[in-house]
Amino acid sequence: MSAIPKSPAAKGYRKAPSGEPPSADVDGERGEKAARSALKVLRAACATLLYLVAGPSLIFLNKHIMVEVGFPYGAFLSLLGVGTSAVVANAALALGLAPSEQVAAMTAQFYAARVAPIGLALAGTLVFGNMAYLHNSVAFVQILKAFAPVVLLCLLFCSRLERATPILVASIAVIVAGTVVAVQGELHCSPLGVAIMFASEFFEAVKLLMMQILLVDRKFGAVEGLAVMGPAAVVALAAFSAASEDVADAASKVAAHPLLFAAASLGGLVVNFATNMMLAATSALTLRITSLVRNISVVFVSAVVFRDSEVTGLEGVGFLLSVAGIALYQHARRFPTATLGSAAGDAARAARRCVPRAAPPPCCIQDSGLMASGV
């Protein structure tokens, strides 16, 4: 007698409820996971692209307004951008589009003692940052921005909020050397412009330092931060503009070029939005690396594409040296216990990983995130 074949259930197979193969559910889950992963990559790519485009676009637009339009009013120009961002941010909080718990719990005394000084420092950063473009080229200003970590670290060392480790001191030395070389190589260097840019970096470092000290017990969201810091900066910028600028002439030029100034006002909002999008879609490290790449691209576009800047070979060498110092600085911040030896070892291992080997299939190659804030 022939053996009766066993049913699929007897063999241990699970019968699909809909008659589909047993792997249909697994394939569906994999498809959903792949779709979510693709959407995440797309979101990160869009955020990165917006961040790379928004900041440099605002830089060149502000340069055009201040130099070509003849608008030498850095405080007034900053006031338009900060004011727009503050209004939009507070409107978002009022409509419940963003959390506002920290703002609701804030008292007038707290705001005057802790937030107002930070707003004042923010105003100084923006005013002197815009004024620097009146005296130096876009490319040279971007090169000088590489000096910002040095100013911040010096203030942190003086306030004893940071310990002067050998690797941090080495990063400072490399950035200083690169900046000195770049300044020596600049053909049209304005000492006043350099001093103004360093003043902007000093105020930025003071702002970051005060945020670390005064707001150590508070954590504002992205929109909350704009809503809180914005009004204080607006008051400081308005006072500075009224005291040192021809407000009537500034207002008449704004009225003569409404679309141009509207674009500049909205540009600051877009830059803040792009930075927050980038942080949400990637990471702080990715933002820093992308920011460094963005600064390099601005130097390249200014010198090669727009040709409004002339970068000499010596200046380029100084800039690359400063970039190397910033990379060392970022490594030290990411790994506080790192030493110069370990940093060199990490660099050597990274170089070895770049040696060509048998290439994996294209589907196996994964894109790695490559670095905020502001313009």
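Glycine too: its Cβ is placed from the backbone N, Cα and C atoms.
Annotations in TrEMBL come from automatic prediction, not curation.
Residues or ranges marked as region 'Disordered' by TrEMBL: 1-30.
Nonlocal intrachain contacts for the transmembrane segment (41-61), taken as residues 6+ away from its ends with a CB within less than 8 angstroms of a stretch CB, comprise 138, 142, 260, 263-264, 267-268, 270-271, 273-275, 277-278, 280-282, 286-287, 290, 293-294, 297-298, 301-302, 306, 367, 369, 374-375. TrEMBL lists 41-61 (among others) with the feature transmembrane segment.
Residues annotated as domain 'Sugar phosphate transporter' in TrEMBL: 58-329.
What TrEMBL lists as transmembrane segment is 73-98 (among others). Sequence-remote contacts of a segment are chain residues at least 6 beyond its ends whose Cβ falls under 8 Å from one of its Cβ atoms, and for the transmembrane segment (73-98) they are 62, 65-66, 122-123, 126-131, 134, 221-224, 226-227, 230-231, 233-234, 237-238, 240-241, 244-247, 249-250, 254, 261, 264-269, 272.
Residues annotated as transmembrane segment in TrEMBL: 110-133 (among others). Under 8 Å from some Cβ of the transmembrane segment (110-133) lie the Cβ atoms of residues 62-63, 66-67, 74-75, 77-78, 81-82, 141, 144, 193, 196-197, 199-200, 203-204, 206-207, 210-211, 214-215, 228-237, 240, 375, all in the same chain and six or more residues away from its ends.
According to TrEMBL, the feature transmembrane segment maps to 139-158 (among others). Using a Cβ-Cβ cut-off under 8 Å and counting only residues 6 or more beyond its ends in the same chain, the transmembrane segment (139-158) has close neighbours at 59, 132-133, 164, 168, 171-172, 175-176, 178-179, 182, 186, 188-189, 193-194, 197-198, 201-202, 204-206, 208-209, 295, 298-299, 302-303, 309, 311, 315, 318-319, 322-323, 325-326, 329.
According to TrEMBL, the transmembrane segment annotation covers 165-185 (among others). If one looks beyond the transmembrane segment (165-185) by at least 6 residues along the same chain, the residues whose Cβ comes under 8 Å of a Cβ in the stretch are 140, 143-144, 146-147, 149-150, 153-154, 194, 312-326, 328-329, 331-332, 336, 338-340, 343.
Residues or ranges marked as transmembrane segment by TrEMBL: 191-210 (among others). If one looks beyond the transmembrane segment (191-210) by at least 6 residues along the same chain, the residues whose Cβ comes under 8 Å of a Cβ in the stretch are 117-118, 121-129, 131-132, 134-136, 140-141, 144-145, 147-148, 151-152, 154-156, 159, 161, 183.
A Cβ distance under 8 Å defines the sequence-distant neighbours of the transmembrane segment (222-243), meaning residues of its chain 6+ beyond its ends; these are 73, 75-76, 78-79, 82-83, 85-90, 92-93, 97-100, 102-103, 106, 111, 115-116, 118-120, 122-124, 126-127, 250, 272, 276, 279. The transmembrane segment annotation in TrEMBL covers 222-243 (among others).
Taken from TrEMBL, the feature transmembrane segment applies to 255-273 (among others).
Residues or ranges marked as transmembrane segment by TrEMBL: 285-305 (among others). A Cβ distance under 8 Å defines the sequence-distant neighbours of the transmembrane segment (285-305), meaning residues of its chain 6+ beyond its ends; these are 48, 51-52, 55-56, 59-60, 137-139, 142-143, 145-146, 275, 278-279, 311, 319, 323, 326-327, 330, 334, 369-373.
What TrEMBL lists as transmembrane segment is 311-329 (among others). Residues 139-140, 143, 146-147, 149, 153, 167-168, 170-187, 292, 296, 299, 303, 343 of the same chain lie 6 or more positions beyond the ends of the transmembrane segment (311-329) yet place their CB under 8 Å from a CB of it.
Summarising model confidence by region, the domain 'Sugar phosphate transporter' (58-329) averages a pLDDT of 86.
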